[in-house]
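K.L.:
My questions all concern the structure below.
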Amino acid sequence: MYKKVRVVLENGDVFEGVMLPPTQFSDSDIVVLKLKNGYNVGFKKGRIKEIVELGEVQTAPLSAKPMPKIEGEKVWLLATGGTILSRVDYVTGGVYPTLSVDYLFEVLGGLEAPIEAEEVTAKFSEDMTPALWGVIAERVAEAFKKGARGVVVLHGTDTMQYTAAALAFAFKSAPGPIALVGAQRSSDRPSTDAVLNLKAAIAVTARAPFAESVVVMHKTSGDTVVAVHRGTRVRKMHTSRRDTFQSINTTPIAEYYPEKELLQVLTDVYKERGGLDYTAKFEEAVALVKFYPGMHPRLLEALLEVGMKGVVIEGTGFGHVGEGVLPAVKKLIDAGVIVAMTSQTLYGRVNLYVYRRGRELLSMGVIPLEDMLPETAYAKMSWALANFKREEVPRVLTTPIAYEMSPRSDPLVFGGL
């Protein structure tokens, strides 16, 4: 039960809404209202002249008309966390996660394919682990075994690029696309991007000719087009913008235009729909380390002490580290740890032949990973160590498997151009 109130401030401003209960993170000196437009607003108690109770409200039960029968092959929705499938009661401010396909049909304005929805886990994306990548991969495979035309994975955006890359390596071939989708704006905000992103992801899995791991999110800050990025070539580039996800060193594989309900494939180079062939194991003893000026070598040596089997370094420029950590890098390699190099610049590619420092790293046994993104390299290292013998891993890392690296850099794609 919640209270609807009128808050009168000392300066004469008046607000009406539902008073939200405090949480463990709330400031005890703040009163929070859920306004009619869906936004929350907070007031310091010292600014409030009067609070007038206007009545009580109850949580509205979830209801939706039964979805009509839809013909065709099913699309599976696998929920892993995040707010994209949450329903918000604008009266009480309560958030209700729902996997009801009837409700989905209603909020999306229809579905172009029959839907099955399941929950895999309920995790903040920062709590994802390589072990959970394996769990998600197994559930994706189960969906395909049940006849799914495609699988939509609902995922928090902060680490979506890691999971997308992991699934790209896990599935050598698949009967359909694996589309990861999320929302930058939670569904209790008028500017939410959840509905359009999900609608686009379902369209991709139902219609696309390719069968790859992709990220489906807004291409622009408006609602005119949604981009479909390769899972190994995408990165979250802004903390809050709707168009935060960008393809790096390449362009999106497809675009979805909601006004025309048009899915436009932008390349003829892709993995086609086929049989199911996957390996869902990932090694947890892998580290991703960013080099910085003044880095203490003990930080790298500590990775050996905790049993790391693989280390991906984000080096400067062409893929360099400071002279002071070279002995630590050599110590890791001499102990049998696989060490690979990516670049902090993201765009461009690692080249350890240009400067002496790069050649020193090569002579130690550091593996240059061309134009592979650091997060993608981390996922590939985890997958390779879990599924191949140690002596095979360097070859696997430098062999293109899921379009994660290219033979040349296209200057026209720098900065998303």
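Using the three backbone atoms N, Cα and C, a Cβ is placed for every residue, glycine included.
Okay, these came from Swiss-Prot:
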- Thr83: active site (ACT_SITE)
- Thr157: active site (ACT_SITE)
- Asp158: active site (ACT_SITE)
- Lys236: active site (ACT_SITE)
- 73-400: domain 'Asparaginase/glutaminase' (DOMAIN)
K.L.:
What is the interatomic distance between the Cα atoms of Asp158 (active site) and Lys236 (active site), given in whole Å?
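P.N.:
That separation, Cα to Cα, works out to 7 Å.
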K.L.:
According to DSSP, folded down to helix, strand and coil, what is Thr157 (active site)?
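P.N.:
DSSP call for Thr157 (active site): coil, neither helix nor strand.
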K.L.:
Measuring Cα to Cα, how far is Thr157 (active site) from Lys236 (active site) in Å?
P.N.:
8
K.L.:
For Lys236 (active site), which residues in the same chain are close in space, meaning a Cβ under 8 Å from its Cβ, but six or more apart along the sequence?
P.N.:
Thr157, Asp158, Met160, Gln161, Thr244, Phe245
